Amino acid sequence: MAGFPLGGGSHSRDNPAPPVPPVHPADAASFLYATRGGSFQLWQQQEQQPFYASNIIRFADDAPPAPSLAGASSSSSSRGMRSSGGGGGGGGGGISCQDCGNQAKKDCTHMRCRTCCKSRGFACATHVKSTWVPAAKRRERQQQLAALAASAAATAGGAGPSRDPTKRPRARPSATTPTTSSGDQQMVTVAERFPREVSSEAVFRCVRLGPVDQAEAEVAYQTAVSIGGHVFKGILHDVGPEALAVAGGGGASEYHFRLTGDGSSPSTAAAGEAGSGGGGNIIVSSAVVMDPYPTPGPYGAFPAGTPFFHGHPRP
């Protein structure tokens, strides 16, 4: 082995050996060192590990350091773990804005947030106009809607009090009082249509009441008048002599045919008027006279089917 003294210590002191050229660590992996006792010792050279810290930020423009052969596997594995962890974090947090660093919109092709995208003037369809309305404008809008609802309710309900259109109106039972008809009300209704007492001029026809084969039948007078569009007809029965009627509290004037109506009549004076001596105020009214005889006359205006009694006695 050239370059190493193999002799004793005296020989080395008297004849010094020539200097040994330096050996590069890559050319020799081990060195032999001589001790003072003359023996040799083999020493393995330790490789220098590159200094690397996982928490140091490395920029994209910087070139990565060249790892040694021994630490290539460990650095590559650490980088793989770091890249996988970073990929998981990137998937959860999304992409960052290229200008401000805030979170960018996922579908934005410019990889920027809404503020930076709008400030740069990019025509991005992802960043639409915000629909958020300030509280002051929302309050003003609510007041306008309430005023419109109140005006609509006032227009629909007339002068009634305004109410909230969202509330349901309260159902109020109708306070109706049932009306009952009494005799007094009916009398008032009849009195409004016809006068209470009227003396009328009419024609009376003498008729016989009783069986046909009876010689002495009851004599009565029959008449009919039309007052106010209504036909009134009836038969006046014999109640006895006038003296008895006066003694009983009545007179001939009490048996006048009192009807309701007005107007004039072409008929003759009644038999009761002749008996009473023409006393009392007589109200002339239009009268429809019933003719009991089969001979047609100017006053035969009664409908067919009315029972008539002829005044001719049987032979």
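Note that Cβ sites are derived from N, Cα and C of the backbone, with glycine treated the same way.
Annotated features in Swiss-Prot:
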DNA_BIND  97-124  DNA-binding region
BINDING   CYS97, CYS100, CYS108, CYS113  Zn(2+) 1 binding site
BINDING   CYS97, CYS113, CYS117, CYS124  Zn(2+) 2 binding site
COMPBIAS  1-10  compositional bias 'Gly residues'
COMPBIAS  70-82  compositional bias 'Low complexity'
COMPBIAS  83-92  compositional bias 'Gly residues'
COMPBIAS  143-156  compositional bias 'Low complexity'
COMPBIAS  172-182  compositional bias 'Low complexity'
REGION    1-24  region 'Disordered'
REGION    64-92  region 'Disordered'
REGION    143-186  region 'Disordered'
MOTIF     227-230  motif 'Required for homo- and heterodimerization'
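Annotation note: CYS117 (Zn(2+) 2 binding site) sits in a helical segment as assigned by DSSP. Distance between Cα atoms for CYS100 (Zn(2+) 1 binding site) and CYS124 (Zn(2+) 2 binding site): 17 Å, as a whole number. DSSP classifies CYS124 (Zn(2+) 2 binding site) as coil under the three-state reduction. Counting every protein chain shown, the number of other Cβ atoms lying within 10 Å of the Cβ of CYS97 (Zn(2+) 1 binding site) is 19. Along the motif 'Required for homo- and heterodimerization' (227-230), the predicted structure has mean pLDDT 74. A coil conformation is recorded for CYS100 (Zn(2+) 1 binding site) in the three-state DSSP classification, outside any helix or strand. With a cut-off of 8 Å between CB atoms and residues at least 6 apart in sequence, the same chain places LYS105, CYS108, THR109, HIS110, CYS117 near CYS124 (Zn(2+) 2 binding site), listed in sequence order. Taken residue by residue, the compositional bias 'Low complexity' (143-156) breaks down under DSSP into 14 helix, 0 strand, 0 coil. CYS108 (Zn(2+) 1 binding site) carries neither a helix nor a strand DSSP state and counts as coil. Within 10 Å of the Cβ of CYS113 (Zn(2+) 1 binding site) there are 21 other Cβ atoms, across all protein chains.
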